[in-house]
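Before any comments, here is the structure.
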Amino acid sequence: MYLSACTDDTPTEGNGNPSPFFSVSALPPVVVSSSSPGIMSLKGPHAAHELQPHGEVSVNQSLFCFEPTSSVTSSGVFAGDDPLKFYFPLLLIHVCVVFLLSRGIHAVLLRRFNFPLVISQILAGVLLGPSFLGKALPHAGELFATPEGWILINTVGGYAFMLQIFVIGVKTDLGMIAKSGKKAIAIAILGTASPHISMYAAGVLLRARVPDSWTRTLMLTNLNAWWSLTAFIVVCCTLDDLNLLSSKIGRLAMSSALIGDFANTFCIAGVTSYILASSPSEKLQRIGVASCVSFASFIAFMALAARPAILRLIRDVPEGALLTEARLVAVLLVTVACSLAGEVLGLHATYGPFMLGLMLPGGAPLGVTMAERLDRLVAGVLTPLLFAQCGMRIDVYKITDASTCLLLLVFLIVGVVAKFVACILPCLYCRMPVQEAVVLGLMMNFKGITESVFASAFMDSKVLDEQVYAVFMITVLVLGATTASVVKSLYHPEEKYVAHRRRTVEHKKPGEELRPVPTSPLAIYLLHLAPLAGLTSSVLRPFKHGDRNCVPSGGTDSARIVNAFGFFATHQPQPGAVSLLPFVCIAPYATMHDDVCAVALEKRASLIVVPFHQRLAIDGSVESTTPAAAGAVQAANANVLAYAPCSVAILVDRGSLVSVVSSSGGDAAAQHRVAVYFLGGPDDREALALAAHMAEDGPTALAVFRFVLPPEWRRSNSITNDGASEEEEEEEERRMDEEAVKEFVGKWVDDHRVTYSEDVVTGSDEMVGVIRRTSTEFNLLVVGRRAESAESPLTAGISDWSEHMELGVLGDLLTSTDFGCRVSTLVVQQQTKAAAGETAFSSSSRTRSTEKQQQQRSDAHV
């Protein structure tokens with residue numbers, strides 16, 4: 001593309017001075033299908049016939065002209081300038097309006113239906129285009145339909161899209177192809193070939209109805225090529241919006257899409273080169289050979305020159321550190337050079353950066369730096385301009401020929417159905433559940449990003465007219481929104497965590513792992529949880545000393561955590577009493593519980609212990625353990641509580657345990673002092689059983705305080721969680737409480753090291769007074785969360801003031817700053833009935849409940 005000044009027939013302004021016009025021209029494209037979309041479309045809506053060119057802009061056969069201003073920026077309204085007539089203010093208003101409108105649509109309306117963010121961005125463009133704003137307020141609509149604005153949107157949005165493609169390539173782990181197996185390969189091949197063949201067959205059968213304009217522009221050939229492809233970037237971004245990146249089916253869909261992208265790219269390149277090389281024309285033969293050689297040379301350049309250069313830049317980056325500004329700029333310059341080289345050779349601007357990104361290692365430091373420095377600006381602010389532009393070009397009033405529109409829909413539906421059927425057949429053959437196979441078929445039909453950009457590019461090439469473009473884009477919007485929404489409603493990965501048996505400390509059989517003795521060792525499966533940064537899929541692997549482990553902070557944090565637990569395991573009085581198996585888990589906060597619950601289910605764990613998201617600072621105040629993601633960590637803990645296939649305990653560390661260990665050397669029998677506050681219910685019984693195991697071995701003193709109401713106050717009826725009066729249920733709970741306490745007293749209480757007392761209290765004030773008076777004598781307080789227990793008169797007065805619902809009433813009271821307790825607290829929740837498969841309360845109901853809580857937290861955070 002080149003820029004030249006036109007001097008012939010130059011018009012004059014009102015003052016008689018010549019006003020220059022510029023001519024931007026480019027070679028018309030060869031209409032050949034490609035796996036990389038064209039994005040540099042410069043044609044504004046209706047620009048070709050609304051403006052009469054003196055000088056002209058020619059891009060992909062689309063013509064329009066404009067008179068540029070003499071300056072990029074204005075002097076302001078007080079100098080008599082209209083800022084919106086200048087390039088830079090026009091760009092700024094496009095960025096602001098598109099960002100606010102798309103985010104507003106998504107937050108207020110579409111997010112609750114689980115629509116992808118790109119759908120909101122395209123709809124924002126539709127509202128600003130001729131379909132809505134241009135029709136209702138023509139003068140306001142002209143602001144978003146100027147040629148100057150379109151050039152700015154395409155230039156800035158195109159560059160941002162190129163960087164986003166590079167970042168996604170860096171985050172992508174090519175190892176998923178090797179790990180995918182035959183099923184993913186079969187899905188990729190059948191899912192790409194089947195719609196190709198089906199749409200071609202439909203074209204042959206309906207060739208008599210195909211308009212001449214479609215035949216002239218080879219529209220069906222190009223439509224077949226890009227509609228049959230499942231683009232990896234579409235699948236990856238949509239699964240990220242749905243928080244399904246780390247799910248089993250999500251990983252399978254991404255692997256299949258990546259394999260299909262690679263196969264499609266090299267097949268098209270090979271077939272195109274072969275067709276040209278076998279042509280009888282010597283000129284075409286030379287073009288075919290040259291294209292094959294240039295393609296191979298381009299790949300070799302990135303593999304042998306660009307990749308080593310970037311690896312050299314990140315080689316000596318300290319562990320846990322990000323790339324410096326100079327190194328980041330150098331990486332971006334290499335990326336731009338690859339994009340430019342691809343454009344020179346006839347490839348698309350995004351092809352080189354994506355291939356280069358795939359060749360580079362994800363995670364820390366490169367992937368993390370890209371995610372930290374570029375994601376918010378590129379993907380959050382600038383790239384939406386490109387998708388909004390695709391929506392601005394939609395003019396629903398151009399849809400006038402019903403037969404043509406119906407014919408196009410037939411081809412599109414045939415391709416979608418063929419891909420859906422072809423993708424679920426290998427799944428059913430491999431004995432995958434029907435529901436999961438259907439979900440995978442829907443995932444492989446995700447649409448949005450690449451389809452919109454393809455359509456805009458082919459509209460510039462006159463392959464699509466305005467009517468076909470409008471129908472096609474409406475189909476993309478409907479299909480992209482419905483498939484994502486249906487997938488989210490059908491697929492709940494948490495359903496697999498139902499254990500179908502009791503895995504609790506209370507119900508543990510004698511001899512099962514929990515006691516730290518050689519005959520019954522304590523098996524610790526340690527997971528260092530790190531947020532997903534710089535990668536597209538989660539990582540769960542054994543910890544390796546001396547390895548960066550792909551975590552954002554390198555391997556330092558992991559090594560320190562593993563060494564601490566290793567010290568505990570090796571310094572037991574009896575060798576071999578504790579075994580340690582450390583893992584590194586890298587996942588998004590929203591799905592971090594998936595890996596935790598999966599490991600617990602696979603290892604048949606009886607208890608999961610997670611840290612609270614707040615800790616006590618040096619000055620006595622409460623601070624977040626992760627200031628940048630406190631709400632996300634809290635939500636992750638809540639998800640573990642909701643879906644865990646065993647019991648869960650949240651440890652609120654106040655430093656009291658550390659001081660006990662460090663001050664050892666006195667009386668061994670008083671090294672650890674543990675108190676249990678017992679009100680009744682399954683969680684309190686689990687807390688009692690866990691504390692009993694603490695006192696079973698080692699120098700641990702245990703005191704149990706049971707709070708009971710006066711006999712005359714005890715109600716015969718109670719309101720259960722379902723809102724119904726269930727006298728029998730409460731009587732059963734009371735019987736189980738009495739049996740648990742009786743067994744504990746008879747087995748453990750010696751009135752010396754293990755004590756038990758009952759406190760008759762008439763309300764929450766008296767109970768809190770007992771806790772306040774006794775809690776300072778201990779190093780660890782153990783309470784039940786009371787998640788499935790009925791509301792007690794002892795907690796009714798303080799439950800309304802609870803701040804952290806994941807800690808329950810007593811746990812929140814003990815950890816609050818107003819209470820002033822500086823003792824570590826362990827809040828225990830027994831495995832729920834739903835997680836044990838003992839109730840009709842479905843996992844999907846739990847999923848909806850937890851999603852609602854997450855939504856409320858997210859809204860509060862925003």
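Positions of Cβ are set from backbone N, Cα and C atoms, glycine also.
Just so you know, TrEMBL annotations are computer predictions that nobody has curated.
Here the structure is a predicted model, which means the values were calculated and not measured.
Look at TrEMBL and you will find 86-105, 117-137, 149-172, 184-206, 226-245, 257-275, 287-306, 326-345, 406-430, 437-458, 470-491 tagged as transmembrane segment. Look at TrEMBL and you will find 107-480 tagged as domain 'Cation/H+ exchanger transmembrane'. Taken from TrEMBL, the feature domain 'Cation/H(+) antiporter central' applies to 522-655. Annotation comment: TrEMBL describes 674-832 as domain 'Cation/H(+) antiporter C-terminal'. The region 'Disordered' annotation in TrEMBL covers 716-738, 837-862.
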Recorded stretch that, among 86-105, 149-172, 287-306, 406-430, 437-458, has the most CB pairs under 8 Å to the transmembrane segment (184-206): 406-430
Chain residues outside the transmembrane segment (406-430) and at least six past its termini with a C-beta under 8 angstroms from it: 183, 186-187, 190-195, 197-199, 202-203, 206, 209-210, 220, 223-224, 227-228, 230, 256, 436-438, 440-442, 444-445, 468, 471-472, 475, 479
DSSP residue counts for the domain 'Cation/H(+) antiporter central' (522-655), split into helix, strand and coil: 46 helix, 41 strand, 47 coil
The transmembrane segment (117-137) versus listed stretches 257-275, 437-458, 470-491: most Cβ pairs under 8 Å: 470-491
Remote residues contacting the transmembrane segment (437-458) - C-beta distance under 8 A, at least 6 residues beyond either end: 31, 37-41, 60, 116, 118-119, 122, 161, 187, 191, 219, 222, 226-227, 229-231, 233-235, 237-239, 249-250, 252-253, 256-257, 386-387, 389-391, 393, 416, 419-421, 423-424, 427-428, 464, 469, 472-473, 476, 479-480, 483-484, 486-487, 490-491
